[in-house]
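Pulled from TrEMBL:
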TRANSMEM  46-66  transmembrane segment
TRANSMEM  73-93  transmembrane segment
TRANSMEM  99-117  transmembrane segment
TRANSMEM  129-150  transmembrane segment
TRANSMEM  181-200  transmembrane segment
TRANSMEM  212-230  transmembrane segment
TRANSMEM  242-264  transmembrane segment
TRANSMEM  276-293  transmembrane segment
REGION    314-349  region 'Disordered'
COMPBIAS  317-349  compositional bias 'Polar residues'
Amino acid sequence: MWVAVLFTVLSSAGNSIGKVLQKQGTKGLPQLSLSIKVMRAYISSRTWILGFCLDILGALAMLKAVSEAPVSVVQPVSGCGLAILAVFSHFHLRETMNSLDWLGVALAGTGTVGVGMAGEEQRSSQLHLLRLVWIILWVFLLFGAVNWWVRAKKKSARMHELPGSVLPPIATSHSGVIEEMVAGMEAGTCFGMASIFARLGFMLVEKGHSKFYIPAGILAGVCCSASGFFCQTKGLKDGRAVVVSTCAAVASIITGVIIGMLVLGETLPVSAFRQFCLLIGWLLIILGVILLMDSNRVGLLLPRSIRRILKLKGSSHKSNPPRSAQFSRRDSNSSTVVQLFTPPKSSTN
């Protein structure tokens with residue numbers, strides 16, 4: 001079980017650092033599409049290619065992890081990628097981290113250890129493939145409907161902004177936030193489904209079916225990962241990386257846990273102590289993710305005496321938040337991109 005946890009940590013590290021590099025690499029590039037000219041521009045960016053390769057290596061490490069352990073254990077551990085991302089930004093990109101940031105790193109790391117301690121060999125269980133088909137169908141319908149609604153809102157907003165239009169301007173921030181969240185959830189769902197399909201292939205072979213199901217499951221997982229990369233890159237290009245990354249991480253965990261239990265027949269540990277470790281591990285990882293993504297706002301909710309002990313900068317809700325290890329906000333307007341880790345000035349694509 002610990003081998004699977006180790007590979008999961010390596011996978012989340014590759015995915016998280018790859019996100020930062022891809023975000024840096026998209027500067028000055030057109031929005032990602034299947035156009036040959038646009039694809040050539042992305043391929044010529046060394047920073048984006050490096051981030052993409054790290055994402056690929058992370059996906060391969062995840063395949064190794066799901067071959068060793070249940071998806072409902074592997075996917076939550078992947079949440080520690082945000083902690084690795086924060087440490088990487090602190091030492092490599094020279095970003096500062098406050099006390100709550102380091103607390104988030106510690107909580108995510110402790111939660112990972114707790115999930116590893118809770119792991120145990122899963123008994124042979126029944127597969128529910130029909131449930132998988134229905135889940136995929138409903139997910140497609142849900143995301144399709146939301147994407148159609150977002151596009152309709154954007155089209156309506158553009159019509160209101162045309163010169164000479166007598167229609168009053170409308171706010172687009174709400175649909176912009178939903179678009180960012182949908183991009184992250186689509187990417188995270190695809191990444192979670194990649195682990196599900198890979199694990200499914202290994203389980204079918206364990207039950208005596210043809211070994212062909214292993215490469216078939218891996219191929220399906222690669223297709224899901226590629227779809228996730230596409231959705232993620234589109235979200236990182238026009239949206240706030242902090243929103244896209246958080247939604248992707250949460251959706252990946254939820255997809256792995258729920259579908260792992262409903263379709264692959266995965267269960268909680270039998271021992272009460274292991275169940276406690278698993279649930280506490282999940283809770284600590286979630287709390288760590290929350291602190292890492294928005295430590296400034298969490299700090300404002302703390303009493304002034306505690307903020308003074310933690311050496312947090314006090315500020316009002318109306319003032320601009322201080323620069324942290326997560327992101328720097330240049331503008332509260334939804335049309336402004338909020339970068340995840342401001343790159344050094346000497347960085348080049």
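Cβ atoms are placed via backbone N, Cα and C, with glycine included.
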Outside the transmembrane segment (242-264), six or more residues from its ends: residues with CB under 8 Å to it:
16, 19, 70-72, 74-76, 78-79, 81-82, 85, 125, 127-129, 131-132, 135, 177, 180-181, 183-189, 191-193, 195-196, 199-200, 203, 228, 232, 235-236, 285, 289, 293-294, 326-327, 338, 340
Do any residues, 6 or more residues outside the transmembrane segment (99-117), come within under 8 Å Cβ-to-Cβ of it, and if so which ones?
1-2, 5, 9, 73, 76-77, 79-80, 82-83, 86-87, 274, 277-278, 280-292, 295, 298-299, 310-312, 324-326
Check for me, if you would, whether the transmembrane segment (46-66) reaches the transmembrane segment (212-230) - at least 3 Cβ pairs under 8 Å, residues 6 or more apart in sequence.
yes
Given a Cβ distance threshold of under 8 angstroms, which distant residues of the chain, six or more beyond its ends, lie next to the transmembrane segment (276-293)?
73, 76-77, 79-80, 82-83, 85-86, 100-101, 103-118, 242, 245-246, 249-250, 253, 268-269, 325-326
